[in-house]
Amino acid sequence: MAGENPKKEGVDARFAGIYSDPKFKNTKTKDHKIKLDSRFSKKDLEVQHKSKVDKYGRKIKNAQNNRELEDFDKYFEKEAENDEDSEVNAKTVVDRARGEVPDDYVSSSDEFTSSDSESSGESEVESEEENEVEIENAKPESGDISKNLAVVNLDWDHVKSEDLMITFSSFVPKGGKIERVAIYPSEFGKERMQREEVEGPPKELFQKKNKNKTSKKKKTDDSDSDMDIGIKDLYEEGDADKDVDSRALRQYQLDRLRYYYAIVYCSDTTTSKAIYDNCDGTEYESTANMFDLRYVPDGMTFDDDVRDECSILPKNYRPHQFSTDALQHSSVKLTWDETPADRVEVAKRAFTQKEIDDMDFKAYLASDSDESDGQVDEEAKNKLKSLVGDFGFNSKKETPNDEDEEVDMEITFTPALEGGNEKSSEDKEETTIEKIRRKEKERRKARKQKVKELKQQSEKDKKSKLKSVNKKHTNDEEEIEKNAKSKAELELLMDDDDDTETQGTINNKAHFNMNEILRSEKEKHKKGRYQKKERIVEDTFTPDLEDPRFKEVFEDHDFAIDPTQPEFKGTQAMSKILKERSKRVKNKKRKLGGSENNMTNNADDNEDIGNLVNKLKKKSKSSKKVKV
């Protein structure tokens, strides 16, 4: 045996026996199984574990039960199966020493060729399936140019007439105009939509592919029909794509593009041609929808009901963000029962107070009164007019003959009828919108009443305050004037004349700068060559010494001026004030005392003045020394 198996290249001679020695031969899993007689069977495990079912009656697979069944198949086998296998082995005994080969033997090269053929066959099938799902590629000829254009093969669940109006108006030439855009249902669309209203989406979408199913899955599948399981999975989260034929679903979604078509009414042929040349074959935003435009012969009419139309460019337009999965994605979703995008936006948008007041849901709710109700109202009006006659309506058209035949009519109103009408109106059920409006009206009414009460209360408070103010007004007028005067004086006093930033400038409030005046006074006392004439500021202020308002400044001792104080400013005006004060003091003393007393007083005054002058000279000398 060792000689029959050639040594493989690159293998050590010491390990050559691995390929021929039976000790190293791998045992089959089949030989490890334990043989069981007829007393034991797989059905015992199935009976032991009862399968649970979901709300649709389908069995729920339990991982533990499946594991036990798999272990049973792995480690046990029946006697009958073993006997059958032994018979088969006995019949098919192959003498490998003579070069015989079993019937089911397949070489590696054959495996590769067979796998290639299978894969090529599968690819051919897939390519055929993909070729089946296509849009209408063979576009007819454009034909003669006309004023009107037809737009086909768009996602009409999201595209509205106002979207087309906004898009095409960008390509209108000067002098042209789009009169209106209308969307009509096609014959194919009407037939399909009528069928879907009764049956729903086509049942072909939910058929299972049982070609490649394994035997295990066939055993675990229930007896439910493919149609029922598909519809159930459609409403289960995460199971919608399991039993849906993706190819049929894609074809259905592409067919929905042909349910409607739009007609663009242009003012002239130049406008329609410009739109056709610029838009045909282009993509609408990033939705994967390509504009497919066709010329419509002039004079062609459309009798179908208009789904929606647009004749004026809408204000505050916002395009819808969407994409058609059937045109660009591998996974396609069923949009048959999808909520319209407009309704979702209306539900999510926050309404203003005005929009709540004028809430209009006509597009989604049926109106309370139809045309038949209007006809009934007209008939009731005509009947009442016939009962009342010409009384109060055609009095100007009466003729003398009519006066002879005139008959008085008595009209009585019974309160019972009015009460009945009230009861009938009360018996009517209130809709949700009416309930919202009623509550909003009550809320607004309560808010207005509250605001009104607050206004009345504030007016009362104002009146009471005004009364109290009027009483105190006479007493407070004098205080207000005093406060104003003191405020003005404080503003002048609080002005900072020593501010470094404002030095050299005139104070706008006081109309002078005291620092500049003092510097100029010092410069005047210097000798001519040391003077800085450009810094000399002329003090043009002349105090009114005869003003009676400043009488106390010159006569009262409380306003005495001490030149030795550091706050003293030796200006021309201040010197005049000092002279005037001393003059008036002297005159006062002369009037009060005799001539002798006056002489002594004058001498004393002169001495005092002399002392003051000496003190000032000493201070000035000391200050000069310090500066040097």
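Don't overthink the numbers, they just go from 1 along the chain as shown.
Glycine too: its Cβ is placed from the backbone N, Cα and C atoms.
It should be emphasised that the depicted structure is a prediction, and the values quoted were computed from it without experimental measurement.
Record check of S119, S223, S424 in Swiss-Prot: the feature phosphoserine is attached to S223. The DSSP secondary structure for T542 (phosphothreonine) is coil.
For T542 (phosphothreonine), applying a Cβ distance below 8 Å and a minimum sequence separation of six or more within one chain yields A573, K576.
Predicted-model confidence for the coiled coil (426-495) is 78, expressed as mean pLDDT. DSSP places the residues of the compositional bias 'Basic and acidic residues' (451-462) in helix, strand and coil in these numbers: 12 helix, 0 strand, 0 coil.
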